[in-house]
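Features as listed in TrEMBL:
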- Cys532: active site, nucleophile (ACT_SITE)
- Cys407, Cys408, Ala409, Pro410, Gly411, Gly412, Lys413, Asp431, Asp458, Asp475: S-adenosyl-L-methionine binding site (BINDING)
- 10-22: compositional bias 'Basic residues' (COMPBIAS)
- 43-54: compositional bias 'Basic residues' (COMPBIAS)
- 73-85: compositional bias 'Low complexity' (COMPBIAS)
- 108-126: compositional bias 'Acidic residues' (COMPBIAS)
- 133-165: compositional bias 'Acidic residues' (COMPBIAS)
- 192-204: compositional bias 'Basic and acidic residues' (COMPBIAS)
- 212-221: compositional bias 'Basic and acidic residues' (COMPBIAS)
- 627-636: compositional bias 'Basic residues' (COMPBIAS)
- 637-657: compositional bias 'Basic and acidic residues' (COMPBIAS)
- 668-689: compositional bias 'Basic and acidic residues' (COMPBIAS)
- 690-709: compositional bias 'Basic residues' (COMPBIAS)
- 715-734: compositional bias 'Basic residues' (COMPBIAS)
- 315-602: domain 'SAM-dependent MTase RsmB/NOP-type' (DOMAIN)
- 1-234: region 'Disordered' (REGION)
- 606-734: region 'Disordered' (REGION)
Amino acid sequence: MGRKLDPLKKVPRGPGRKAKKQHGAENELKNILQEDIEEKRMSSRSRKRAAKRRMLVEQKAAAKLPAKNNVPANAKLKAGGKKALPGFSDDNAQWLKPAKRARKAGEEESEDDNEEDDDEEEDEMEKEVKDGMEEEDGDDEMEEKNGEEEDAEEESEDGDDDDKEDGNGEFGGSLSLSDSDDLQDDYGTSSGDEKDLLPIERASKKEKKKLKSEEAVKGEDSSIQLNVDSEDPFQLPTEEELEKELSTAPDLSTMQERIKDIVGVLQNFAQRGGGRTRQDYLKVLKKDLATYYSYGDYMIETLSDLFPVSELVDFLEACEVHRPITIRTNTLKTRRRDLAQALINRSVNLDPLGKWSKTGLVIYDSSVPIGATPEYLAGHYMLQGASSLLPVIALAPQENERVLDMCCAPGGKTSYIAQLMKNTGSVVANDMNAERLRSVVGNLHRLGVTNCIISNYDGRQISKILGGFDRVLLDAPCSGTGIISKDPAVKTNKSVQDIQRCAHIQKELVLSAIDALDAQSQTGGFLVYCTCSITVEENECVVDYALKKRNVKLVPTGLDFGKEGFVRFKERRFHPSLRQTRRFYPHTHNMDGFFIAKLRKFSNAIPNPNKDEETVTPSPEELKKEKVAKKKAAKRKAPDENDINDKAPKEKSENQKASKVKGGNKKAPKEKGVNEKLPKEKGGNEKSPKAKAQKKKVVVKKAYMKKAAKMTGKKDKKKVANKKKKLFKQKKNK
């Protein structure tokens, strides 16, 4: 009695220990699990081993079979030391081959039959290998047997069905069965699969095979079609097509594919298709990027000038993702190791920030709010971006120094400076906005900072109030083009005027910060200028302006990573030492966009400005004020000029009268000396030199008339006039 199988129940794959003895159960499994057995007929390892066997058989059979035919059978027995199995010899070896059943006309040869034939050929080849190996020495026989046993073990691991795939129930070639000796299974049927299948089962089997073959053909055709499509060159859409796209809602998927295609064309522009220029491709690319990522035209133009095409797409993609949360350990109260262990106990997933930072930690995941833990409230750490740690590391404040933080709110960098100074020396935290200073005071109290002084002054005027600092940190207000992931409004609300206004304020702040430094400081005299912007106008242009206006020079920042600053950008050319500045980008360093420059002051004297040097670019508000002042000055000058023109004819009449007086022309040389001094005087209301000379003549005449009237004592005009003439003659004679 054998084990009965229920076709509805799923039978575990591969026969067990009992199933090896029950050959009918194995055949029944083949009928039930036909598809699974077909998929795992022969593993890749078994195929490789079969190929190796064939190679060995061909080599050894070619060398040893001719000698084998010449040796008699008795000699073989003596040499091998083995007894031949009774009933088997080379003559009756054909008995082991199963008889193939006759197929109907038009019936396709099944894959199972082909595999069975292959298995039979492998068994025969193994027998020939055994016969050839019997002629070798005993040592060789042992090695070969060990190899065969290892192969058999590997085959049993891959699948136990490999040795039992013969259609007539052969197991390892140890049994010889004829067509009439078929085993009966549990249901009383023979073990032949094809004979016992019903016609409908055979038809369904054929349909499954056809469907599989058709699907395989379709898959190949589709892959071929995809390859052909990919080989076709990308064609840039025409202007009409672009206008049609603007009239309808944008399809972001097609736009993304077009961006990738254009980037690929621009990277290998020589192999493009069509006669379109590079500017045409760039124009379409900028429009697509502005639409896909929701940027303004000015921002896309600015970023495309900074980055190459492939890097531009990476930057825009990085700005769509938030940067990882980072915290800074407050070493005034705890150590990083203890803080990390405390947060891990609160189920916070974290890691050290990097080798360049000894206090930073990266927060990947947290089940509790990071800004409300007991450790945060106790002042053990500060929520601070990774990029904002870099300026303080570059500044490297020392103990017992005087340090100024010109734009300190909200106090992250100020507290880090005090932490590095170990609460020694003094730190002046200044900010123009009084409301933001409240957060600075709160953070400093929470973190335990005791060496800080809070001030509320305009940074542009602070050098006139405070000075003599060893180090100054200037985190200047900027456009924020490096923190788009935090403030997406920057994509559209920034213009040329905003960048110019920020650059103007930054130049004034840099000069004030340099003036607040003490060049004779034994340990310092350093200024760190940083912004969270990536535009050249706010970074390299400002530093280059400071190098021209003050006695400062650039020094290394002390940071091992980061990209070098620009030395040339478009039509601008900067000082070669700007290579020592550092730029950080979100797509390369996984932190907010940042710019850092470190300057050292070597003289407190202010150099004289040269005409060739750049002047401070005035802000739009100042330009408007200057225009209004010029208009007012022009209105004031206009009436004065009219008054002078009105007086001109009167002066001519006086000149005519003076010409009648005798000796009037002789006094002219004396009056020239007076006229020479007049050009030194300034003012729009002053009279001309001729008018003043005529006035002097009139005054002299009146003086002589009064003197003559006193001398004559009469009021007769004629007598007075005659007396005046006599006085003139006397003066001439003298």
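Every residue, even glycine, has its Cβ placed from backbone N, Cα and C.
Automated prediction, rather than curation, is the source of TrEMBL annotations.
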Spatial separation of Cys532 (active site, nucleophile) from Gly411 (S-adenosyl-L-methionine binding site) - C-alpha basis, Å: 16
Whole-number mean of pLDDT values that fall within the domain 'SAM-dependent MTase RsmB/NOP-type' (315-602): 93
Distance in Å spanning the most remote Cα pair of Cys407, Cys408, Ala409, Pro410, Gly411, Gly412, Lys413, Asp431, Asp458, Asp475, given for S-adenosyl-L-methionine: 20
List of residues, in chain order, with Cβ under 8 A from that of Ala409 (S-adenosyl-L-methionine binding site) and at least 6 apart: Asp431, Asn433, Arg436, Leu437, Ser439, Val440
Neighbourhood of Cys407 (S-adenosyl-L-methionine binding site), C-beta criterion under 8 angstroms, separation at least six: Asn430, Asp431, Met432, Gly459, Leu474, Asp475, Ala476, Pro477, Leu509
Among Gly411, Lys413, Asp458, Cys532, which are recorded positions, the residue with the most C-beta atoms within 10 angstroms of its C-beta: Gly411
DSSP residue counts for the compositional bias 'Basic residues' (690-709), split into helix, strand and coil: 20 helix, 0 strand, 0 coil
Integer Å distance between the CA atoms belonging to Cys532 (active site, nucleophile) and Asp458 (S-adenosyl-L-methionine binding site): 20
Lys413 (S-adenosyl-L-methionine binding site) and Cys532 (active site, nucleophile), Cα-Cα, nearest whole angstrom: 14
DSSP-assigned states of the compositional bias 'Basic residues' (43-54) in counts, ordered helix, strand, coil: 11 helix, 0 strand, 1 coil
Secondary structure content of the compositional bias 'Basic and acidic residues' (212-221), with strand meaning DSSP E or B: 10 helix, 0 strand, 0 coil
